[in-house]
Amino acid sequence: MHIVFIVLIGFILTTAVFPTVIEIEFMTKCVSQQDAWIYNGYGCYCGIGGSGEWINGIDECCAHHDACYDSLYKNSTCWHAPFEYFPIYTWRCLNKTVECTGLDTFGYQIFPHECSSQLCECDRELVECWAKYPMPLEQLHCPHPRLFYFQRNKTLFG
């Protein structure tokens, strides 16, 4: 009984806390049949944090994705929370393209529709941008330390 409970809690936490990150993985599989995790920590912008000049096209895709999320914060489209980790939109894969279809039932209770649709569009644009480039065979690392969102945008949080 305890094992079932632990597995159930693990599943709930995984699907409730990191679904948009997981959605990017599924979107990437849809568009390019690649694994999105290869991009985590790549360059100066892919993964958590990001700052400075991007180092190539893949990193530029991630920089634009960060800017897309940043604009949702700055324009008050989405509230100041790590919204990229909450389930707030739905999409479907059609002929290797992502189509944002609307709100997740749970997300509707938390986020306005505009936030949900814009988050999906940010993620869709990211994976379509990645698909323009060959999958990286190795990690390229940023030549300077990454800054996290709150370090780049102190006015939003204080």
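Using the three backbone atoms N, Cα and C, a Cβ is placed for every residue, glycine included.
Remember, TrEMBL labels are computer predictions, not curated facts.
Here the structure is a predicted model, which means the values were calculated and not measured.
These features come from TrEMBL:
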SIGNAL    1-16  signal peptide
DOMAIN    20-143  domain 'Phospholipase A2-like central'
BINDING   Tyr45, Gly47, Gly49, Asp66  Ca(2+) binding site
DISULFID  Cys46-Cys62  disulfide bond
DISULFID  Cys61-Cys129  disulfide bond
ACT_SITE  His65  active site
DISULFID  Cys68-Cys122  disulfide bond
DISULFID  Cys78-Cys115  disulfide bond
DISULFID  Cys100-Cys120  disulfide bond
ACT_SITE  Asp123  active site
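Annotated features taken from TrEMBL, shown on the structure.
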| residue | record | CB count, 10 Å |
| --- | --- | --- |
| Tyr45 | Ca(2+) binding site | 25 |
| Gly47 | Ca(2+) binding site | 15 |
| Cys62 | disulfide bond | 22 |
| Asp66 | Ca(2+) binding site | 21 |
| Cys68 | disulfide bond | 16 |
| Cys78 | disulfide bond | 22 |
| Cys100 | disulfide bond | 18 |
| Cys115 | disulfide bond | 20 |
| Cys120 | disulfide bond | 24 |
| Cys129 | disulfide bond | 17 |
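In the predicted structure, the domain 'Phospholipase A2-like central' (20-143) carries a mean pLDDT of 85. It is 12 Å from the Cα atom of Asp123 (active site) to that of Cys115 (disulfide bond). Taking Cα separation as the measure, Cys61 (disulfide bond) is nearest to Gly47 of the recorded positions Gly47, Cys100, Cys115. Within 10 Å of Cys129 (disulfide bond), counting CA to CA, the recorded positions Gly47, Cys62, Cys68, Cys120 contribute Cys62. Cys46 (disulfide bond) sits 9 Å from Asp66 (Ca(2+) binding site), taking the Cα positions as reference.
Candidates Cys78, Cys115, Cys120, Cys122 (disulfide-bonded residues) were compared with Asp66 (Ca(2+) binding site); those inside 10 Å Cα-Cα are Cys122. Note on proximity: of the recorded positions Tyr45, Gly49, Cys100, Cys120, Cys122, the one nearest His65 (active site) is Cys122, by Cα distance. Distance between Cα atoms for Cys100 (disulfide bond) and Cys62 (disulfide bond): 19 Å, as a whole number.
Taking only the Cα positions, the spacing between Gly49 (Ca(2+) binding site) and Cys62 (disulfide bond) is 10 angstrom. Residue counts for the domain 'Phospholipase A2-like central' (20-143) under DSSP, helix first, then strand, then coil, are 60 helix, 13 strand, 51 coil. Other residues of the chain with a Cβ within 8 Å of the Cβ centroid of Tyr45, Gly47, Gly49, Asp66, the Ca(2+) site, are Cys44, Cys46, Ile48, Gly50, Ser51, Cys62, Ala63, Arg146. Taking a C-beta cut-off of under 8 angstroms and a sequence separation of 6 or more, Cys122 (disulfide bond) has the following same-chain neighbours: His65, Cys68, Tyr69, Leu72.
Rounded to a whole number, the distance between the Cα atoms of Cys62 (disulfide bond) and Cys120 (disulfide bond) is 15 Å.
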